[in-house]
Amino acid sequence: MHMNICLLPGDGIGPEIVAQGTKVLDAVARRFGHTVSTSSALIGGAAIDATGSPLPDATVEACRTSDAVLLGAVGGPKWDDLPSEKRPEKGLLGIRKALGLFANLRPAALFPELAGACLLRADIAAAGLDLVVVRELTGDVYFGQPAGIETRDGLRTGFNTMIYDEDEVRRIARVAFDTARARKRRVCSVDKANVLATSRLWREVVEEVARDYPDVELSHMYVDNAAMQLVRWPAQFDVIVTGNLFGDILSDEAAVITGSIGMLPSASMGSGGPALFEPIHGSAPDIAGQDKANPIATILSVGMMLRLGFGLAAEADAIDAAVRRVLAEGYRTGDIMENGRTLVGTVSMGNLIAERI
């Protein structure tokens, strides 16, 4: 198979970690007889510095004509004083919209080799943590209109609109059920249906979709309880599906309790065009250019790209196995370093994983 990948290195540590991701991708291609072509485009702060825009038209076109997109990270304090519409993060929101990416899949798994880093009580961690948060990306209170700040009766008043239509709910629910079907066949839909009309529609539509998946178990949970249950007993979850706002919060919570946020990948997918794959961590400008960044989340994002973007499960499994082997051999970047382990830098970690493909 030939794969045409658009690289968006972005800001901070982005270029360093994307370089390691492509190194591992090349190793996979050699082993399995594939070919890869890559092109790089600007996004975020790097794009602002070069063009004045966080998402140049040329970047959108490069992404649209690719088979998949691999992103590093965007943002940094250098651009914090810009107007909100000109900041680096607008580039990420913009490319998601331009590519029609409505579903964000964020796995949160506890690596046995890093069990000591888990923030949960030992008995809870021992029960395991292996779940996926499927978050709707393009609707909800983040994009609903009207929204703004205005003066009412002499008082400044802020307002947003939480809104979903049934088609938006239906398509994200199908992604969740399809994801669960390839895992442990359990979906937990998270909402606030006891208070919000939006959530009542959400629950109704998810139940309608569930009828097409009789082999998948569906449960419902209010978001406040879900936040508690993620800490209390995360082993109960397989796939969590929820809206944009709740998903933003819960996916970060699920990630951080693993204790190794530098290890976790993500995918943003649409309905037919190229998908976008990226690590969940930020641009870490404080360590940029110092060979300190952990590239494993980006490398695992390449694995997600192979699995979800190209249907290459064996190739994705090879990446997962190589990462586990390197960790089992005791190699660590600074963010996951433990006593008695071997400290390595960004490039060395990429080399070690690529050599074990």
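Including glycine, each Cβ sits where the backbone N, Cα and C put it.
Residues or ranges marked as NAD(+) binding site in Swiss-Prot: 76-89, 282-294. Secondary structure from DSSP puts SER84 (NAD(+) binding site) in a helix.
As annotated by Swiss-Prot, substrate binding site applies to ARG96, ARG106, ARG135, ASP224. Look at ARG96 (substrate binding site): DSSP puts it in a helix. On its own chain, ARG96 (substrate binding site) has LEU137, THR138, SER268, LEU276 as residues at least 6 apart in sequence with a Cβ closer than 8 Å to its own Cβ.
As annotated by Swiss-Prot, Mg(2+) binding site applies to ASP224, ASP248, ASP252. Sequence-distant contacts (6 or more apart, same chain, Cβ under 8 Å) of ASP248 (Mg(2+) binding site) comprise ARG135. ASP248 (Mg(2+) binding site) carries a helical DSSP state (H, G or I).
Feature annotation from Swiss-Prot assigns site 'Important for catalysis' to TYR142 (among others). Taking a C-beta cut-off of under 8 Å and a sequence gap of six or more, TYR142 (site 'Important for catalysis') has these contacts in its own chain: ASN244, LEU245.
Residues within less than 8 Å, Cβ to Cβ, of LYS192 (site 'Important for catalysis') and separated from it by at least 6 positions along the same chain comprise SER199, TYR222, VAL223, ASP224, PHE246. Secondary structure from DSSP puts LYS192 (site 'Important for catalysis') in coil. Under the heading site 'Important for catalysis', Swiss-Prot lists LYS192 (among others).
Each residue contributes its Cα atom, and for GLY76 (NAD(+) binding site) and ARG106 (substrate binding site) those atoms are 23 Å apart. Here ALA288 (NAD(+) binding site) is positioned 23 angstrom away from ASP252 (Mg(2+) binding site), judged by their C-alpha atoms. Sequence-distant neighbours of ALA284 (NAD(+) binding site) (same chain, 6+ residues apart, CB-CB distance under 8 A): GLY12, ILE13, ALA73, ALA293. It is 24 Å from the Cα atom of ARG106 (substrate binding site) to that of ALA288 (NAD(+) binding site). There are 23 other Cβ atoms within 10 Å of the Cβ belonging to ARG106 (substrate binding site).
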